[in-house]
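Here is what Swiss-Prot records for this protein:
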- Lys162: active site, charge relay system (ACT_SITE)
- Glu252: active site, proton acceptor (ACT_SITE)
- Cys286: active site, nucleophile (ACT_SITE)
- Glu464: active site, charge relay system (ACT_SITE)
- Ile27, Asp93, Val180: K(+) 1 binding site (BINDING)
- Gly150, Ala151, Trp152, Lys176, Pro177, Ser178, Glu179, Gly230, Thr231, Asp232, Thr233, Gly254, Cys286, Glu387: NAD(+) binding site (BINDING)
- Leu246, Lys457, Gly460: K(+) 2 binding site (BINDING)
- Cys286: cysteine sulfenic acid (-SOH) (MOD_RES)
- Asp248: site 'Seems to be a necessary countercharge to the potassium cations' (SITE)
Amino acid sequence: MARFELQKLYIDGGYTDAGSDATFDAINPANGEVLAQVQRATKEDVERAVVSAEKGQKIWAAMTAMERSRILRRAVEILRERNDELAALETLDTGKAFSETKYVDIVTGADVLEYYAGLVPAIEGEQIPLRTTSFVYTRREPLGVVAGIGAWNYPIQIALWKSAPALAAGNAMIFKPSEVTSLTTLKLAEIYTEAGLPDGVFNVLTGSGREVGTWLTEHPRIEKVSFTGGTDTGKKVMASASSSSLKDVTMELGGKSPLIIFDDADLDRAADTAMMANFYSSGQVCTNGTRVFVPSHLKAAFEAKIAERVARIRIGNPEDENTNFGPLVSFPHMESVLGYIAKGKEEGARVLCGGERLTDGEFAKGAFVAPTVFTDCTDDMTIVREEIFGPVMAILTYETEEEVIRRANDTDFGLAAGLVTKDLNRAHRVIHQLEAGICWINAWGESDAKMPVGGYKQSGVGRENGISSLNNFTRIKSVQVELGDYASVF
């Protein structure tokens, strides 16, 4: 018996049945409990959502900037009023610790929505003089109907990161959450409607990426796709979006990011930074700094600091606010992470901490994997080359600055990078040479609403957050005005 009622699609301002009886289960990864059955959208449901979005978008775009801003601000207020309720649901659905979802997921998502709500009246064009009798002006106009496809690790936050700039710019969005974690996005749709968003401006279609995601990316009347997920899937989404109708895309994809500890770093700060870069959210963060480079002569001391901190991690029931490390998001993902851990052992990396599934007591019911640290790693190991998306840190040693920069950049990914040093000259010199879109100096992980987020190389295309994301949900129309005589050559 599921804990919650059947979860339906959200189209045209309310819940509606899908076109078929097919459903999938939402599972609590902490104990295997079925939380709810969730309907699978059909291709006909996608078309229904597009028609609804087209109708709603015209109403939304015709509102004044201040009217749109006020509605989005009201949604922010409701999100904050229901923070704990939404955080509790997010914890059940994802397995993330409530101590995290309560203070981060909804809070930072609401911050992004508030940021863009404030920018709505600032969307403006330019006036360009040509001569005394003529000038050009530009308009930033909404794209129309856009699609958002979310990942499972930050469900409601990602839905807000994508919908906030899209709605602020006057678009309608059809959002497909991950099949693994669909519940809070449906609640977000309710909140938008309650805040006054016209029907159809934010529709939610649940189902698989192979089906619903593909139908969205191929739809000829959807103007843009914003996707968060793995690189392999992102390539397919981008190919489908461009081949169907030359859609614009934003791709926030995978990473295998380097964290460089320099020899002048405070080792306690370095260890704290490495812990946050690897074990926050049970290691399921795309920007994690899983390749930790340490000077050879500091390796033993750094390992001791890390082992001490790993021993302090409070693993347990994610609903307990004292817990700061919960299960992985699903049992299939747990098996994937355990496979990488086995590969690390097989290829000769030494296990400093963890390295196994947790099965004692209540842990046996859930997808719990011990925080794992490998040392004596080399650049050619699978655990160093491939994104694991779990609580697995790889410690590597180096000798010179030039060497570590070269090795840090020796990857197909380029999402994030960071370093720890007391020398700010070195910090900026090195950061400017690292091939990554998001970088931190003496810290890791913070992504403010004003900070553009995105990757280099195979870690993505375009940016989320910041003013650039708002602009990317608009298109520019140029208009020339002639006040003088017009002479034809014919």
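In case you wondered, yes, glycine gets a Cβ from its N, Cα and C as well.
Here the features listed in Swiss-Prot are placed on the structure.
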{"residue": "Trp152", "record": "NAD(+) binding site", "DSSP (3 states)": "coil"}
{"residue": "Lys162", "record": "active site, charge relay system", "DSSP (3 states)": "helix"}
{"residue": "Pro177", "record": "NAD(+) binding site", "DSSP (3 states)": "coil"}
{"residue": "Thr231", "record": "NAD(+) binding site", "DSSP (3 states)": "helix"}
{"residue": "Leu246", "record": "K(+) 2 binding site", "DSSP (3 states)": "coil"}
{"residue": "Glu252", "record": "active site, proton acceptor", "DSSP (3 states)": "strand"}
{"residue": "Cys286", "record": "active site, nucleophile", "DSSP (3 states)": "coil"}
{"residue": "Glu464", "record": "active site, charge relay system", "DSSP (3 states)": "strand"}
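For Asp93 (K(+) 1 binding site), the same-chain residues lying six or more positions away in sequence with a CB closer than 8 A to its CB are Ala26, Asn28, Leu35, Pro155, Thr181, Ser182, Leu183, Thr184. Minimal Cβ crowding within 10 Å, among the recorded positions Lys162, Lys457, is found at Lys457. Residues listed for NAD(+), Gly150, Ala151, Trp152, Lys176, Pro177, Ser178, Glu179, Gly230, Thr231, Asp232, Thr233, Gly254, Cys286, Glu387, cover a largest CA to CA span of 23 Å. Least crowded of the recorded positions (Val180, Cys286), judged by neighbouring Cβ atoms within 10 Å of its own Cβ: Val180.
Listed in sequence order, the recorded positions from Gly150, Leu246, Glu252 having a Cα within 10 Å of the Cα of Glu464 (active site, charge relay system) are Glu252. All protein chains included, Glu179 (NAD(+) binding site) registers 21 other Cβ atoms within 10 Å of its own Cβ. If you measure from the Cα atom of Ile27 (K(+) 1 binding site) to that of Glu179 (NAD(+) binding site), you get 10 Å. Only Val180, of the recorded positions Val180, Cys286, Lys457, Gly460, have a C-alpha within 10 angstroms of the C-alpha of Trp152 (NAD(+) binding site). In this structure, the C-alpha atom of Asp248 (site 'Seems to be a necessary countercharge to the potassium cations') lies 26 angstrom from that of Val180 (K(+) 1 binding site).
Considering only the binding-site residues Val180, Leu246, Gly460, the residue whose Cα is spatially closest to the Cα of Gly150 (NAD(+) binding site) is Val180.
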